[in-house]
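S.K.: For reference, the structure I am asking about is given below.
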Amino acid sequence: MPVSLLWAVDVYGRVYSLSTAGQLWEQCHDAQMEFKRVTAAQQCCWGIACDNNIYLNVHASDLPVRYQEETYENQRWNPIDGFSDRLLPSDRWQWSDVTGLQHQPLDNFRIPSDSWEWEGDWYADENFEGEPTEKGGWTYAIDFPATYTKDKKWNSCVRRRRWLRYRRYKAMDTWAKIPPQQTTLPDPFSDISCGGWEINEEPRGRLSLWAVSLQGKVWFREGIYHHNPEGSFWEDIPLPGEVVQISCGPGDLVWAVLWEGQLMVREGISRDCPKGTTWAVVDSPNPDVGATHVAVGNNVVWALTKDNKVWFRRGVNSHNPCGSGWISMVGEMIMINVGLNDQVLGIGSQDRAVYFRQGVTSSELSGKTWRAITVPRDGDRSHSSASAGSLAGCYFCGEVRAQSVVSDVESDTEKGSTDGASCLVASSSPERNPSPGEEEIKAPCAGVAISPSQSGGPLDPQWSNVDLEEAQGHPVQTGAVLDSADTCSLSSVATYTLAMEDPYGADEHPLWAWVSGGGCSVDSHSQLNWFNCSMNSVQSMNLSVTPAQTAAWRRQIFEQLSERTKREIDNFRHYEQAIEQSVWVKKGTMQWWRDWKPHKWIDVHFALEQFSGSEGNKDGILFIYYNFYEEKKYLHAFINEVTILVPVLNDSKHSFAIYTPERTKQRWPIRLAAATELEMQDWLALLSDSCCDSRVIQGPPSKQAIWSVTCKGDIFVSEPSPSLEAMPYPSPCDQMFWRQVGGHLRVVECNSVGIVWGIGYDHTAWVYTGGYGGGIFQGLSSSTDNIYTQVDAKSVYIYENQRWNPVSGYTNRGLPTDRYMWSDASGLHECTKTNMKPPSPQWTWVSDWAIDYSVSGGTDREGWQYAADFPASYHGYKTLKDFVRRRRWARKCKLTTTGPWQEIPPISLSDVTILPCAAQSSVDVVPLWAISNKGDVLCRLGVTTLTPAGSSWLHVGTDQPFKSISIGAASQVWAIAKDGSAFYRGSVSPQSPAGDCWYHIPSPAKQKLKQVSVGRTSVYTVDENGNLWYRQGVTPSYPQGSSWEHISNNVRKVSVGPLDQVWIIADKVQGSQSLSCGTVCHRLGVQPMEPKGQSWDYGIGGGWDHITVRGNSMEPPRIHLPSLTAPAPQSPLPVRNKEVNGDAVGC
Amino acid sequence: MADDKDVLRDVWFGRIPTCFILNQDEVTEREAEPYYLLLPRVSYLTLVTDKVKKHFHKVVRTDDVEEMWLEYEGTPLKWHYPIGVLFDLHASNTVLPWSITVHFKNFPDRDLLHCPSNSVIEAHFMSSIKEADALKHKSQVVNDMQKKDHKQLWMGLQNDKFDQFWAMNRKLMEYPTEEGGFRYIPFRIYQTMSDRPFIQKLFRPVSPEGNMHTLGDLLKEMCPAALPNDGEQKRYQVVIHGIEPLLETPLQWLSEHLSHPDNFLHICVTPVPSD
């Protein structure tokens, strides 16, 4: 789990945050003023301060908030001046936006608020559609508006160029006032709630922010997204009543509480309309007691009534935001909040502690019990000392004073309350604080009209909500006002005086006023240390590197055990062993995908016989006993010949595949299925152990290891033999032995000093911890330390297909020849919302089906894509020729496993690369570059062998998003932009780890590149049509090279290692029995003078998706054939290479 | 850094070099050669001394042969204690190899249990495992196991198959994370200076306040004499598997990693040798 924050405000208005990994409430020292309420998202926190202004605290990230301003300079040619800024009267502005309609001179651009700063000055963009332009960035056309080209032609009468300037949001990790509205709002805000980030992913970082004003009006903040964190303006949302409090969930739920105690539900919230359209009213859970507070999540609504009872709303979802009924829950709360994953937080009415609802899962949204968060706060000492006097009342004092001139009555009330309280003030201080809050409630009641619903209450609603939590908390604590039917009569003076006898007479534990879990990523798997600070010693042993692991007692045991071995065994190894080793057999029944046609699963007996091998290592044979036309036969494989065991989980079979070199050549593994998942895992773990034993492989992978990932996300690692890259006879790569490592990744990248990073399907970045095992490998085949929970998520897609007919338009009635109306992408298989299962039993659904708008080619507003017929190319708008349409539905699923991986929050990545060659020492910084999943180029700082996770990201500016990156052994950084062209980063060196500028390198003709890998000197790329390209002419003085040379087709990915060895994932590799896609292949014949190699050797596959050989810097033993021992080969190898060769000669 | 898993291996593969010598009083047909063997610390004497028996049978007059029993410096060795415990308790400061005297006569019925066959050892071993699991998990884990699983544990020990044994024993070592450990720690404290065979009482791995109990906590409650008083010279050494863990070692960790295959943590308290 990434570390995230829970935010809370105490009754003194101080803001605190609690980390999910922490055990201390940390005060937000930046806050100069007191806050009333906060509402958090993962990237920021909003708050209402006691000056009634709204403040925003954007969490610092290594990825800056950077906004690209652009404007166009337009020129027309005339015979006298040539191109000049003298345009025709009918022309566009000389400085305009891209359409030419808006006048945009450079000095019209202003930074929107004090929280922004300019990053540099304006400059002309030299890049045009992935191609460098002539000097100046001008593009030419016949006239405005027209198609622009980068070359000037004889008929080019106009030209334009784009100017760019970046501004940066600088107010990170600090409370910045959001800029005031042009027309100031009529009254100050009293409640605020943000959410809605799951409604629409575009634009990135979009948020809905709802606010309630003191007069009970509701406002919606427009235009909040990543590049505009403050939003643009407030929009008034019409209301049928007066609202006291509002809550907005991560999705499309928005509920509000009305003064009269009913609840309102916002309907019509959708992707295109995050504000929603109408309100529906829901009655209070208890007809006699009005609702006072509501909190919504993704699929839940919790509410409080005035008697502090807690209620859970049944049956709430996107289609029915109102839900179906109330369920009374245990506990008495004065405030409640729903955080991420529908986790619930509350503030107890009795003790004002923050409570966490334990046991909330997607299947049990109401959870199990309330548990108080008992961690201490930093500065607790100052709390007790300060609270005694002056500070105690400051929470609302500024405001109260401002309003207190209203009437005489007010001063009376004030006196009353103070009098009532005074007797206890001496002994206990915090009670002073409610008093001003309460007087403020009282204050206006004399002057302003009474709202009709308040039968006896002489109070004006618009004031009391300022201090809602106070006002409603106290009556119930004392029970004094409960019985009054009046909804918001709030506290009386008497209740306050009574309340003072309450637990917080003694100033021992913090009193909380508000909590927000909107940024707090906790789920049912999370291990939180919030509840009992002393209970963690055992768990921490397993969970993280703690002092427990380096503790003296542990060291002592390790040392003494090794001394004992020396003392008692080492000198006596020639003694006979008391117990002789023997054969151990494990048997079972399984199903086998039989070798002969028709292929099908048949029942077989399965046995593994293990015995001591010739050199003392263990070995074994596995037997598959089957019946062939009534005849008993068996198939066997030697454990020491097995090269890999691959789990193949799907929803019907718990199966796995066993490969030997022979089976790899055939592309036809032994496939076996166990009866249950558990049985399969037992067998896999046992067989895997047995294989590792027979090859004497144990513990973590070496630094030279080759890592690969299957299309199911399973991770495999192979120890390269020194002869793997030998010339001219490398060891065949179908003989490589692969063993599985726990975890689930899409990409893994490593280097030769043992730094390994991975990227999950959900783009989370992970760093390898040095452990082994995890996943199905438990017990002995797994390290105890360094194994962590890993969560991954992905979407499953199905398509809804429709055909047009003249009568009813588009319907789900297709032609008899048509595809299924609900299908997979190919249309060949029927996939409906109900029959679709998660990809394997490991995955569970975490969302409902939703229309996916992010399909390539675009969609219309309902997500449809149109075409003339199935199958065809689809477009996102309807034309007259279109007779069919389809739309994609997505459903998210999640997998939880374990493995030697630790998350590197918070930035999601799409690619990563690590400098492949060896670092000199463990403190040497290793260059690591990455692409965020939004296309930003990032450079990781502080990566060393001791701290492989590094410390922070350095953002490297680009003018367009990128998708692939690779750094070579000499710090050559190559990258591929989203438009398919390549870039070379100049001047990257240890002194300047981020380099200075990008050099644009055109892609091979008519091809869009998609991936790059750079070895010692070689640069290889793969394009979107599966072609593998080698960069010709790369020299130290001209590192960009000169041209692309085609090497191969049917290539999915390439990995070039520190020896310039080339490995790929290839599609369509023909075996003797079957064809495989996604096969690991090794380029043969690669030599310093022949870096392109000659042919391919085929290894494990299919179903492989990624490989990295960048850890293997082991120079092969050089075989001196007589003909090749001629005088020194004229190789341009660096010196380092020779040294290694020197060592290797002895081999 | 070494892994906790290595501790399990080290414990399992602990061996004591032993020299078996035939008792002088036995009537032999010819000179009896001593017999040298590496004894597994975690096993039982009668389970691993078949070879010894065969070796001496060759020289002893057959009509004199009764049940074999072993003795070290006058102390008959109880076969139902793990070998490592016997060594740590009686011979930890001896010069290696450990010299054990073999008897075929005058079986000391008062001191030793008879061990007519391996099934007696198996019954003893399995009852220890069950007793330990009763303490750790109210017997839930061991009762959930099938007969063949029990057999796997025993066969693992009998045949010295670490993987086979731990594939099953792993389940006996699990506990709910939120509890922080087993219900009670199965332990036995042996003292040479006491007449009681050993101390075994109920002791929880976690204190009511939620702190992890340590080896020191256990000894303080069960055997305070073993702990040195302030400023005093250490009088006793606390030995588990031939090593002396620090007193601040968490008891739960010890129980998971330094228990014998019978799932008990066998702790030997012996006087510090005076040299």
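Including glycine, each Cβ sits where the backbone N, Cα and C put it.
TrEMBL entries are annotated by machine, without manual review.
Pulled the feature table from TrEMBL, pasting it below:
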type	residues	note
DOMAIN	A:64-125	domain 'Peroxin/Ferlin'
DOMAIN	A:137-170	domain 'Peroxin/Ferlin'
DOMAIN	A:584-694	domain 'PH'
DOMAIN	A:791-852	domain 'Peroxin/Ferlin'
DOMAIN	A:863-896	domain 'Peroxin/Ferlin'
REGION	A:408-440	region 'Disordered'
REGION	A:1123-1147	region 'Disordered'
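What's the neighbourhood like for these features in this structure?
M.R.: For the domain 'Peroxin/Ferlin' (A:64-125), the mean pLDDT of the prediction comes to 86.
Sequence-distant neighbours of the domain 'Peroxin/Ferlin' (A:137-170) (same chain, 6+ residues past either end, Cβ-Cβ under 8 Å): 58, 64-77, 83, 91-92, 99-100, 106, 109, 111, 115-129, 131, 229, 957, 959.
Helix, strand and coil content of the domain 'PH' (A:584-694), in residues and according to DSSP, is 27 helix, 58 strand, 26 coil.
Residue counts of the domain 'Peroxin/Ferlin' (A:791-852) by helix, strand and coil are 0 helix, 27 strand, 35 coil (DSSP-based).
Residues in the domain 'Peroxin/Ferlin' (A:863-896) partition by DSSP class (helix H, G, I; strand E, B; coil) as 0 helix, 18 strand, 16 coil.
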S.K.: Report, as numbers and ranges, which residues of the same chain sit near the domain 'Peroxin/Ferlin' (A:863-896): CB under 8 Å and 6 or more residues beyond its ends.
M.R.: 525, 713, 744, 789-804, 810, 818-819, 826-827, 833, 836, 838-839, 842-853, 855, 857
S.K.: Kindly report the helix/strand/coil residue split of the domain 'Peroxin/Ferlin' (A:64-125) according to DSSP, in that order.
M.R.: 3 helix, 24 strand, 35 coil
S.K.: I'd like the per-state residue tally for the domain 'Peroxin/Ferlin' (A:137-170) from DSSP, helix first, then strand, then coil.
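M.R.: Helix, strand, coil within the domain 'Peroxin/Ferlin' (A:137-170): 0 helix, 16 strand, 18 coil.
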